[in-house]
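Each remark here refers to the structure printed beneath this line.
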Amino acid sequence: MKTLFSRLITVIACFFIFSAAWFCLWSISLHLVERPDMAVLLFPFGLRLGLMLQCPRGYWPVLLGAEWLLIYWLTQAVGLTHFPLLMIGSLLTLLPVALISRYRHQRDWRTLLLQGAALTAAALLQSLPWLWHGKESWNALLLTLTGGLTLAPICLVFWHYLANNTWLPLGPSLVSQPINWRGRHLVWYLLLFVISLWLQLGLPDELSRFTPFCLALPIIALAWHYGWQGALIATLMNAIALIASQTWRDHPVDLLLSLLVQSLTGLLLGAGIQRLRELNQSLQKELARNQHLAERLLETEESVRRDVARELHDDIGQTITAIRTQAGIVQRLAADNASVKQSGQLIEQLSLGVYDAVRRLLGRLRPRQLDDLTLEQAIRSLMREMELEGRGIVSHLEWRIDESALSENQRVTLFRVCQEGLNNIVKHADASAVTLQGWQQDERLMLVIEDDGSGLPPGSGQQGFGLTGMRERVTALGGTLHISCLHGTRVSVSLPQRYV
């Protein structure tokens with residue numbers, strides 16, 4: 001019972017609100033076309049069609065009933081001469097509206113174009129009964145197209161706003177909250193409206209022919225900032241400016257054509273902007289997905305490297321230790337046999353060589369410093385191991401990166417860039433000084449390695465000496481790696497910060 005009463009109140013409110021809005025728009029339309037029956041085909045038609053495109057089918061009888069009652073009342077009051085044609089036309093418009101009603105809740109560019117097509121079809125059907133009235137049929141078609149494309153998209157904007165926001169009942173907790181007027185948006189709308197009105201009223205007569213082209217400026221500006229909603233709001237502002245300009249009084253058809261063209265421009269431009277935004281969002285999602293997959297691949301690679309390094313260290317290390325032990329036993333047991341003793345010493349030396357080679361391989365597979373040290377300490381340890389001072393290279397490390405903000409992939413990548421950069425400096429740069437800096441800037445991690453050497457060898461470009469692999473790792477983490485060879489070599493790395 002309570003639900004039925006609530007539905008009844010809703011229907012009654014819908015009936016009276018629609019009736020009041022319909023009559024007001026009919027009065028405005030009558031001011032423009034000066035014929036009561038033709039005025040019904042302008043803005044009242046656009047209002048009814050716009051609401052029917054958005055609301056559930058259960059409210060269609062309310063809208064049609066209210067319109068028919070108003071048309072009947074106007075027939076009695078002012079003598080509408082084509083009451084049957086208006087009734088038949090309104091029934092015919094139900095067909096395209098019913099066909100696309102299932103898509104009304106979708107908010108993509110196809111929906112805008114579908115509703116635009118439905119508006120055009122409904123306008124044709126509404127004017128179809130006027131086909132046998134000669135010139136009036138073209139006037140009816142122009143009026144329905146203009147009214148439908150002017151008001152129906154605005155209904156879509158308001159319906160989208162009302163349906164996509166969470167509305168809470170006004171209570172004590174909400175009364176004390178300040179109202180967000182969004183002053184910047186209001187000023188922006190008002191400024192564009194004033195400019196549009198000035199273009200209609202303030203341009204000299206010799207430039208008046210360019211006035212219709214100026215109507216596109218607010219549409220483009222609002223569409224760029226606010227998408228399809230902005231484009232449709234701009235068409236409403238242009239319509240108000242055109243009607244208020246009073247320049248159409250001697251040529252009402254020109255006004256209708258201007259309203260039709262700018263409304264069609266707003267609808268198509270809004271659909272295009274919406275399409276671009278949807279493509280951009282889809283591209284961003286794919287980029288984020290690829291970024292996530294690349295990071296997962298790096299994690300998997302480092303996990304495999306770590307496992308392989310551990311297995312090599314445990315198995316080969318134990319085997320080499322056993323070989324050295326057995327070689328020592330052979331040397332002691334065959335102390336009198338010089339050739340056997342020499343072979344034992346050779347085996348021990350070869351095992352030490354294998355151990356050193358495996359140790360270097362393990363260092364490339366997985367930097368052992370990162371297992372026990374912080375990143376800064378690991379880089380300092382790396383610089384000591386490379387014996388930069390002994391090679392005549394003065395080194396300086398300045399590190400201002402909070403390691404708690406680094407993921408494991410970032411730690412390994414930064415260390416490997418330092419490792420590869422220092423290795424290239426030692427082997428190829430012929431440098432006397434190297435500076436390594438790391439810091440955080442604007443939610444990004446910055447790393448710079450500079451030397452005063454001869455730069456990269458001719459012909460190597462920026463791809464050799466392991467730099468390609470480093471660039472791929474940095475790119476996989478969403479960063480960039482740049483190399484410049486002016487007065488030495490400068491390797492710059494920038495990574496997006498990840499909070500751990």
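From the backbone N, Cα and C atoms, a Cβ is placed for every residue, glycine too.
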Check your understanding: Taking 185-205, 416-436 as the choices, which stretch does Swiss-Prot tie to transmembrane segment?
Key -> 185-205
Review point. According to Swiss-Prot, which residue out of His105, His313, His487 bears the annotation phosphohistidine?
Key: His313
Review point. To which of the residue ranges 36-56, 57-77 does Swiss-Prot assign the term transmembrane segment?
Key: 36-56
Revision key, fill the gap. When counting C-beta pairs under 8 angstroms to the transmembrane segment (140-160), the leading stretch of 112-132, 185-205, 213-233, 253-273 is 112-132
Point to revise | Cβ-Cβ neighbours of His313 (phosphohistidine) (radius 10 Å) | key: 16
Point to revise | For the transmembrane segment (112-132), sequence-distant contacts whose Cβ falls under 8 Å of one of its Cβ atoms, 6 or more beyond its ends | key: 41, 45, 49, 53, 82, 84-85, 88-90, 92-93, 95-97, 99-100, 103-104, 140-141, 143-145, 148-149, 152-153, 156, 228, 264, 267-268, 270-271, 274
Review point. If you count Cβ pairs under 8 Å, which stretch among 80-100, 185-205, 253-273 touches the transmembrane segment (36-56) the most?
Key: 80-100
